[in-house]
Amino acid sequence: MTQSTASAHKTPVVTRTAEEIQALRPQLGRLALVPTMGALHTGHRSLIAQAREHAESVAVSIFVNPLQFGPNEDYDRYPRTFDHDLRVCAEEGVDVVFAPTVDVMYPDADGDSLGQIVTVDPGSMGRVLEGEFRPGFFHGVLTVVNKLFNLIRPDVAVFGQKDAQQLAVVRRMVRDLCLPVTIVAAPTVRDPDGLATSSRNVYLSAEERASALALSKALFAGADAASSGPAAVLAAARAILSEAARATPPVSVDYLALVDPTTFTEVGDDYRGDAVLAVAAWVGETRLIDNVPLTL
C-alpha cells in the first residue's frame, strides 16, 4: 500500500488481535501510527493527515486504555463511537485500524489485577503537572504506547501538541529505551471559538463551553506577553483565569505552569528560550487541558 494508492473514502482493514496486525504489517511498507482512544474529531483528522506525509501507509489504533484512568476518572463514560471512528478513518484514507480489546492488550489482567502488570515508569517528568494531578496516568500512557509500538512496529508515530506533556514523555521513552520509532508532533487544532478540540468537549453544556473558552484566552494572553518575560506571561494568564473562577459556571484551575518543553520543569524569571504555557482546569464535571508553545 503506497502513498499514491491512498484515497479518501476507502475502507480500512480492521484488525483486533496481535496476530492480525502482525500478519498485515509486511504489506504496509513505511508505516505511520496515530494512537487514539477513539471518539475521533477534527484534531485526529489533522494527525492522520500529518501521518500521511511521513509514510506510505497509515494505521490508527483505537483503544480506551484502562491503565491511564484513575479510580475516580471517566473510564466508564469515555465516548466509545467505533462506527463513527471507522467512517472518519475511511474518509481520511487510513489503511488499517487496530482496535483491540482489553484482553488483547492486557491478557493476564482483569479488573483490579491491572495494577499487577509490568508498566513503563515515566521518570520525574511524568510526576509533575498531569502526573501530579493524575497519579499513574503516564505509567498507563507509556505502557500502552510501548505495547502498540511493539505490536504494530511503526516507523513513525504522530502525537498532538495539544497533549504537550504526553508528547514530551513519549519522546523521552523512545530515546531512553532506544525504540526505533520517529515521533512527529502535530499542531493543536482549535474550534472557531478557540477551544482546543478534545473528545471530552462533548461533555460540556453550552454554558460550560462558554466558560471553558477562558483557557485558550488565558494562554493567548500569556503568549502575547512573552517578550516581557516569564512573570508577565503568567500574570497575564492568571488575570483571565481569576476572572473565569468567578464566572457561572466557574473554571476551577488545577495548574497553570510555564515550563521547559523538553523537561517540563518550570522555568525561572530569567529564563529565555522556547517554553510551553500549560493549563488544566475543571468546568463542571469535565477536566480540560490546553497549552501554547512560545518563545521568551
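Note: Cβ is positioned from N, Cα and C throughout, glycine not excepted.
Here's what Swiss-Prot has on this protein:
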- 37-44, 160-163, V189, 197-200: ATP binding site (BINDING)
- H44: active site, proton donor (ACT_SITE)
- Q68: beta-alanine binding site (BINDING)
- Q68, Q166: (R)-pantoate binding site (BINDING)
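Taking CA atoms as the reference points, Q166 ((R)-pantoate binding site) and Q68 (beta-alanine binding site) are 12 Å apart. In three-state terms derived from DSSP, L40 (ATP binding site) belongs to neither a helical nor a strand segment and is classed as coil. Around G43 (ATP binding site), the same-chain residues at least 6 positions away in sequence with a Cβ under 8 Å from its Cβ are G160, K162, T188, V189, A196, T197, S198.
Note: the CA-CA distance between H44 (active site, proton donor) and S199 (ATP binding site) rounds to 10 Å. Counting every protein chain shown, the number of other Cβ atoms lying within 10 Å of the Cβ of S199 (ATP binding site) is 18.
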